[in-house]
């Protein structure tokens with residue numbers, strides 16, 4: 001086993017043993033979701049996001065790819081795709097950092113100190129520079145609308161399974177479907 005894959009396993013295990021809820025996407029250890037809570041004393045406090053993490057083959061020498069699955073209002077996060085401005089992580093990334101640093105340092109810092117001069121969401125950047133109180137209010141609205149704990153659950157495309165049918169839906173009789181038999 002090569003050194004980067006051992007490091008990937010170690011970092012992932014460390015993240016799973018911390019207070020973060022981690023959900024693997026497939027059998028490999030390169031893609032997974034992490035539940036992330038907004039930092040205290042910020043307009044993001046109380047928000048819960050599902051973060052998609054992809055580890056490149058060259059991890060830890062190359063930074064992970066990070067994206068918000070549920071919507072967030074932030075100058076450095078693309079509102080449609082949820083991707084985080086790569087410069088934020090790439091500029092400061094070093095193999096000395098691990099996945100726990102991403103969730104305990106990088107993402108909280110990103111939310112606490114947005115950089116409106118390098119935006120992926122131009123509207124959020126403009127509002128933040130023009131009207132900080134209005135920006136904070138919009139952030140809180142997005143948190144209430146898109147970042148409740150249940151919003152950080154399974155992605156919509158993963159929710160459609162037979163197991164989630166209620167007993168009433170599951171117990172429909174054939175007579176209801178076919179109608180009454182002819183006498």
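Each Cβ is built from the backbone N, Cα and C atoms, and glycine gets one as well.
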108-145, 146-183 - the range that TrEMBL marks as region 'Disordered': 146-183
Long-range same-chain neighbours of residue 85 (active site, glycyl thioester intermediate), Cβ under 8 Å, sequence gap at least 6? 76, 77, 115, 118, 119, 120
